[in-house]
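Okay, structure first, notes after.
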Amino acid sequence: MRLLTCLINVLAGLTLFSQFQRAFGLTITRRGFKVQESDEEPFCALHHPNTGEYFDLSGLIRDNTSEKGDYSVNGYDFGTNFSINLCHPVVSNLTNYTVEGDVSSEDSIGGFFTVEDDDLYSIGQAAYKPYFRGKKLIMQLDNGSLCPKSNHIRMSTLISFTCNRDPYTAPSVITYVGNLNDCAFFFEWKTIHACPTVKKDSTLNPVSVFLLFCAIAFLAYFVGGFVYQRVVLNARGLRQIPNYEMWRSLFGFISDIVIILYSSILSILPSSITRMRGNRRNIDYVEDALIDDIDT
């Protein structure tokens with residue numbers, strides 16, 4: 001019987017472990033368990049195709065909850081400033097503007113400039129995947145407003161990212177470099193987020209591994225014991241629980257301890273209250289005596 005119970009528990013444990021491994025994508029390494037990673041690059045981040053270095057630009061995103069709003073870029077001799085966001089549509093309120101140039105979707109504009117206060121031109125739809133061209137980390141925004149004097153060519157933007165670790169400069173500096181025929185715009189973005197970093201390791205720490213094994217062992221014990229009690233011993237109800245008598249005795253023991261502690265606390269509280277009242281009476285008596293001495 002004991003051998004049969006052990007075999008059932010082992011089979012249940014192996015089955016549960018394989019289910020955990022498939023569900024969470026766990027792989028066994030020398031350092032422990034590691035979560036299997038997808039082949040796709042993370043959002044707004046990438047690895048260098050040659051060096052394998054990891055670059056994460058997600059820290060530059062300005063979403064609807066950001067108090068800073070879109071990035072404002074000085075246009076210098078272009079005559080107007082630009083508003084740009086990264087890996088997210090612009091968060092500026094565009095309802096007061098007239099979007100020119102037959103833009104397909106105003107909700108996905110990634111950058112724009114305005115003319116005469118109310119005419120808005122999109123310089124590209126929001127892009128979400130940076131990429132490398134040689135050693136240059138860039139992001140390209142396409143499908144903006146129609147270019148001047150064109151019925152099919154649309155405005156686009158090219159952003160070149162440069163690593164900037166200088167602690168004495170602004171954490172993010174965007175510079176307008178120039179444009180081609182008021183149709184293609186070029187910006188340089190200096191930021192520490194463009195520097196290679198280390199991707200967060202997805203290896204489970206020893207505590208997580210220990211807790212995972214404990215959970216699998218407990219489930220294997222419970223499932224295997226339940227099957228054994230029901231199939232072999234024909235148990236029903238609560239007696240299907242493995243080692244039901246042991247758990248019942250343990251629960252009764254814990255209940256007795258709780259009742260004893262509760263009764264002990266209740267027996268201590270009245271004496272403490274009585275002592276506090278006695279101390280208060282003594283204080284009142286001393287105060288009355290001092291007042292009488294002062295009056296005499």
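Quick reminder: no glycine exception, Cβ is built from N, Cα and C everywhere.
Looking at the candidates C147, C163, C195, C214, Swiss-Prot gives C147 as the cysteine bonded to C183 by a disulfide. Of the listed cysteines C87, C163, Swiss-Prot assigns the disulfide bond with C44 to C87. According to Swiss-Prot, C195 forms a disulfide bond with C163, chosen from C6, C163.
Around C87 (disulfide bond), the C-beta neighbours below 8 angstroms that are at least 6 residues distant in the chain are F43, C44, L57, S58, L60, I61, A126, A127, Y128. Between the CA atoms of C183 (disulfide bond) and N96 (N-linked glycosylation site) there is a gap of 24 Å, rounded to the nearest whole number.
Same-chain residues lying 6 or more positions outside the transmembrane segment (250-270) and placing a CB less than 8 Å from one of its CB atoms do not occur.
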